[in-house]
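Right, one structure below, let's go through it.
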Amino acid sequence: MSDTHAQTVPYVRESMLPQAEPPVAERGVVKWIRENLVSSWLNAILTLVSLYIIWWVVSHVWGWFAGSVWNAGSLTECREILAGEEGACFAVIAERWNQLVFGFYPPELYWRPLLALALFFAAIAPVLFPERVPRAMFVVTAAMPFVNVWLIWGGSLWGPIFVALGFVAGWGAWRLAQPRLGVLAGAILSVLAALLWWGVVTGWASPDFARILPLDLQRVTSRDIGGFLLSTIIGLSAIILSLPLGILLALGRQSDLFIINKVSVAFIEVIRGIPLIVWLFTAQLLLNYFLPPGTNFDLLLRVIIMVTLFSAAYIAEVVRGGLAALPRGQYEGADSLGLSYWQSMRLIILPQALKISIPGIVNTFIGLFKDTTLVVFIGLLDPIGFSNAIRASTDWNGIYWELFVFIGVLFFIFCYSMGRYSLYLEKKLSREHR
Amino acid sequence: MTDTAFDDSPKVDRSQMKVSDEVAIEIAEMNKWYGTFHVLRDINLTVYRGERIVICGPSGSGKSTLIRCINRLEEHQSGRIVVDGTELSSDLKNIDKIRSEVGMCFQHFNLFPHLTILENCTLAPIWVRKVPKKEAEETAMHFLEKVKIPDQANKYPGQLSGGQQQRVAIARSLCMRPRIMLFDEPTSALDPEMIKEVLDTMIELAEEGMTMICVTHEMGFAQAVANRVIFMDQGQIVEQNEPREFFNNPRSDRTKLFLSQILGH
Ligand SMILES: Nc1ncnc2c1ncn2[C@@H]1O[C@H](COP(=O)(O)OP(=O)(O)O)[C@@H](O)[C@H]1O
Ligand SMILES: [Mg+2]
């Protein structure tokens, strides 16, 4: 039938057609290969070249992995077992596992960092998956930083409890003062209350409580903490602390208040403009110089502070980008309803700005986590530091690849999971708000 | 007298529209500058409770700036603005008080895209007025029903049409139980078929006696609802009159020119 016919002659279909399969070349694997691998001559050639490169890499590395030795006391022993065959000597990891993971942490106390890690996961669950985890879990989140300090360094639980109570005191002062005296006076009073608590009350009350109910754990010094334990302590503390600090800096940089604005800008630019390694040396050498003589300010704590400040400067810039991306109408909408500055920030502006900033924030965190390996230069024994120390021993003199592969894989797992979570969060939020 | 231009004017029930002699807003000798640009010049305007004022004028004449000064989205540099007996100064307490009593609808709605319609409407009552959540939700549903979109309460703003979004924005303002409503070109970002639904909502509000100041070029609305029309040009109030006189008998040449352009005579 021609077209004109179809239009002019009345037509009724007598039987309906069943749904038919598409032609073979348009289905499943064949279609996928056609479209993705050989859609043109150039693509076909690129596919072949890529396949060759993959084969080349795998074939060279495979033997090394497949023939690896996991049980030996030294590199020489390893070589004897291999007897000239190709193979990795992962025995070094099996033998030095404890050091690579815990450093010189007393082996009978390994349960403490492990428990701390479990507690950490329990604490971040309600933050990462708010709708799947009951809200009551936030109690764990609030207690985790204090309990974990106690678990890892030991000593009396009353120390962290009194520090935590100081925060409660500050918060209480804020709640009392802010409605009556305004934000600035409220903030000052709140800080004063906390300082007063830590300086005075903690000083005389904490030892008394410790005498009545000891709650003591064996002390472990920072010098004994090493390996991945060290990397995670620095990395996770800095991540947790730098996010709020970075947000405050970003708000400060956006502020109309001259002093706050300039201080934030100066802080961000100075911190960001100088390499982290310089700040780490500063932490190692200079901070003690400025502190009153006799204070023994833990090196690990100094490093955590420096890394936190460093990444806070980056977070601040990332968040500022998010803030700038919001239309002015959002600020005006919030203002016109009578929301105060902090209310509109917390309820309207930051939720949206942070959502935009998620990829940048996670990117900064991943960078921060990997940068913790720089502490090797100021003499801390992170995994890299240990790999150097292990290589210096006579048993394992000359072993490189196995240690670096192991360290690389562990860091990769951490960073990759952060990246995946960020993707999950972006998808979830964009589904919610469309 | 004929008013041929407004044959399609909506029917409005004027029984509740009463202008009292209580002053709602008083603006006296007010001036504002953007840098060195004198954007509002010697503005004097007294609005009585129950008035429906329409402000029109060419683009850039300072209409938005004027009504944004009333709830301090913009700061004026000289003169006085007194809203509901409270003078606008740099005192933050006064500003927050006035903002919670004066509702505002924007050209681009400015709904919060990360909150549902219901959350958009309950947010300010809960945080500013400290109303319990349940009560705030009941109020919100009441006003969403009033603007005829209760069934969208759990959607996000991005899922609604422009007209629906603007009605939500009106409901959101009403949830704060304002005594004065400001509208800044509420229909000019809307497709023609949605303009009517928003105007109907505004008319209903006027019928209930709300004090309203609307920047709009919907002359049918002005004719039907307003008790006063103000024409602005170059940051000044050039002419004001009751609508019939204003449209049929404009006095200043600028007004005549503007009306002829906008009404397409
Ligand atoms: N934030 C601003 N900074 C500088 N000039 C502005 C600003 N906002 C508006 N203006 C100028 O002020 C004048 C009045 O603006 P506006 O009140 O928005 O006019 P309208 O609403 O009548 O179109 C315009 O010339 C505009 O360019
Ligand atoms: Mg305007």
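Glycine residues also receive a Cβ, built from the backbone N, Cα and C atoms like all the rest.
These features come from TrEMBL:
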- A:228-422: domain 'ABC transmembrane type-1' (DOMAIN)
- A:41-65: transmembrane segment (TRANSMEM)
- A:109-129: transmembrane segment (TRANSMEM)
- A:159-177: transmembrane segment (TRANSMEM)
- A:184-205: transmembrane segment (TRANSMEM)
- A:225-251: transmembrane segment (TRANSMEM)
- A:263-287: transmembrane segment (TRANSMEM)
- A:299-319: transmembrane segment (TRANSMEM)
- A:356-379: transmembrane segment (TRANSMEM)
- A:399-419: transmembrane segment (TRANSMEM)
Positions on the same chain near the transmembrane segment (A:225-251), where near means CB under 8 A and six or more residues out | 99-105, 113, 117, 120, 145, 152, 264, 267-268, 300, 303-304, 307-309, 311-320, 323, 345, 350, 354, 361, 365, 368-369, 372-373, 375, 380-383, 385-386, 410, 414
What same-chain residues lie close to the transmembrane segment (A:356-379): Cβ under 8 Å, and 6 or more beyond its ends?
-> 230-231, 234-235, 238-239, 242-243, 276-277, 280-281, 283-284, 299, 303, 307, 310-311, 314-315, 318-319, 321-322, 325-326, 385, 388, 411, 414-415, 418-419, 421-422, 425-426, 429
Counting only pairs 6 or more apart in sequence, are there at least 3 Cβ pairs under 8 Å between the transmembrane segment (A:159-177) and the transmembrane segment (A:109-129)?
-> no
Looking only at residues six or more beyond either end of the transmembrane segment (A:184-205), which have a C-beta under 8 A from one in the stretch?
-> 162-163, 165-167, 169-174, 177-178
